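All remarks here apply to the structure that follows.
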């Protein structure tokens, strides 16, 4: 399901799907030319400074603080689940992945690059990536604000503080499965019987679970065991992406290193458009590996993930070509209909 929207509360239905149904990965990204307001949209008006807290007292928040505030609101409404919330922050710069949460900030500037690998479960992971646990939206924004200064930037004729990399903030939710349901009670009763222990009295009423627990999934954190010896957990991933802006070198006036950055930015955005095009046409091969950006976002672009794209365009007449290109990207994104239904079969293509 891919959605292209402009609304007052963007992303909230997707946050609910991620939290309440856990199997869904969710990605919210801003796309547009350089200087069109992507970072402003995603991070808010104060993204260049330390976040102003508390978040509840501000009405002009960006999408990232709004989404995280909604997530922790949902968590507070059901504290019995007590999920573990972990955050990673990376940038894709010149088609290389850098960990902005690395303990030694010098590691970012010294060229420590990361690679995307595929786990046994078929998920995309970056080994040795730093994860930080957070317990509130304010703690999350403080963490993000403290590391945004490490992001690659360069002044151009279009934007005095142009981001030269794609920023990807990943929020991982890990929730231990419930073990107090009737199915789990039956498992515990069998274990007690084998150990020749007294059996607890069977409750008079109870709802049977309609399906077995989901397959196990490895979390960035430790995986606790259940009373019956199981180690499975429910895991969901929210990726918040501030893409670098598409750029015309003749307009931005970049040369040298900045021109090389522009080349990598445009190629990675073209690779993203190619992936969405292949998905919309239901091709047999999807070129995720043509770019580190699409390879890293593969779990959010394909499968049964939920993707929300926000287009940022400039009202200036001189940028009409870039605006039309951005609208073309959005039209392609809206045509993507892919995913798996609950039974694991490919979802039928909508007319």
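Glycine residues also receive a Cβ, built from the backbone N, Cα and C atoms like all the rest.
Quick look at what TrEMBL lists:
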| type | residues | note |
| --- | --- | --- |
| BINDING | 32, 33, 34, 35, 36, 37, 38, 39 | ATP binding site |
| COMPBIAS | 212-224 | compositional bias 'Low complexity' |
| DOMAIN | 1-336 | domain 'Kinesin motor' |
| REGION | 197-230 | region 'Disordered' |
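A Cβ within 8 Å of the Cβ centre of 32, 33, 34, 35, 36, 37, 38, 39, the residues given for ATP, is found for these other residues of the same chain: 30, 159, 245, 312, 314. Around the Cβ of residue 34 (ATP binding site), the same chain contributes 156, 158, 159, 162, 244, 245, 246, 247, 252, each under 8 angstroms and 6 or more positions distant in sequence.
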